[in-house]
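Structure record follows, encoded as structure tokens.
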């Protein structure tokens, strides 16, 4: 038998990911684009509802319809916050795709801000207010003030091009850590305040959860790399023992969806691949509603009912028909130096996580890696977005939605127009409260299943950057291994310590110092980046340029280094004349 040829056992590195139907500046038909945009909007609802659901009750805000009746008011605090968050998400997404990096990224609420926000909520001057609604308003104003001040960090780093200068120290080794750690960090930060996702809520509706994962895997280009038995273990549990029961037959449908139906087409449109998320969420949502209406959850634990029933969101009945969010709607923000300094740590974490998400989005949109100037420009606009969060009162800051980046690869559509349409849906349904609340009532367990697939997809994008490095180099193996392990273990230690002691490992008399350290070290991308950048730029860095992938990386460090950058990242309306790339 003849020896295999070199081209038969290896694959040449590729600047742009192949196999996508539509790249960043090519667009599907308007009808298909509208449905795809609506799919991104539905996915963005998960975080937009989860964060207010967790934070608003802690702040003293109302969460039930009868509260409004007893207090003679026509508003539900949680509903207003969800509407405001979605409204600002739509604005920030549109600004980012038009004037920022111009990548197809949804800019949504961030879990990275949870630590400083909870610290503000437990501030004695706010926690001691007896009236719940007054406490909610005062806490919201304190959060607004901290966000407004902290937003200056990203605005300055972005528009001064300081982040562009710093990003020149990155190599494909750090880019790998960016992407892989982002998914783990997002899962971990979801897990910290929302442990019910991996507890009774999922177990009470495990059948729909497993089936949804199977549906999502249908039509995936990467479907064969996933298993419905192993994927849910990401959130801390395993469904394998449940498959032994007879009623778990739905989980066995995955081979059909994964192996055969991904090529199903209607009028040359791969329906199950393009709209897998929309179809599966609709089916399982209807299934959950059927279980709710039939009384299947009647004798289940309260935690399971709250997170699996379709009538427990308290959104539709209390949402106004029309409500336009506006700046300072909660009153004038209040400012405190300690609150603002702690929030700055979250802004730095958001900056790092968004940088990795931008690189992942460029890969999944079949574009070249964004040059340093474009990255810095995007961070500047993200700072503007956090400023808008503070002015409108969204209860949290902004970052790039990792799950929506994963959806680009899932659908194989990286079109910028699709994301801009989704931004229009966010603004439209945030104003028409009743209709938006209908979609926002999707149980959280459905989103948990979605995240299992999409986060893993984004993490795998990070692995693809290692094709430009020498993985036979012990130096690279050492840096990647150490940063990988520390990026997982240190944040996990901080999470477990916080869950057990109800405060972070940093616990001094200076609250701002505690918030800063706990926020930084709870972020896997931040820890991994610090370790990887330090090692990569100090350990034999002069003699290892080729092993690090720098000859390939060099042309993407400047805007004019590659002719394709102008096609993907040039500002619209000929604005490059006034804001030339540095």
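Quick reminder: no glycine exception, Cβ is built from N, Cα and C everywhere.
When the ranges 386-405, 446-465 are checked against TrEMBL, the one recorded as transmembrane segment is 446-465.
The stretch with the most CB contacts under 8 Å to the transmembrane segment (516-535), chosen from 41-60, 142-166, 275-297, 477-494, is 477-494.
Counting Cβ pairs under 8 Å that are 6 or more residues apart, the transmembrane segment (41-60) and the transmembrane segment (477-494) reach fewer than 3 and are not in contact.
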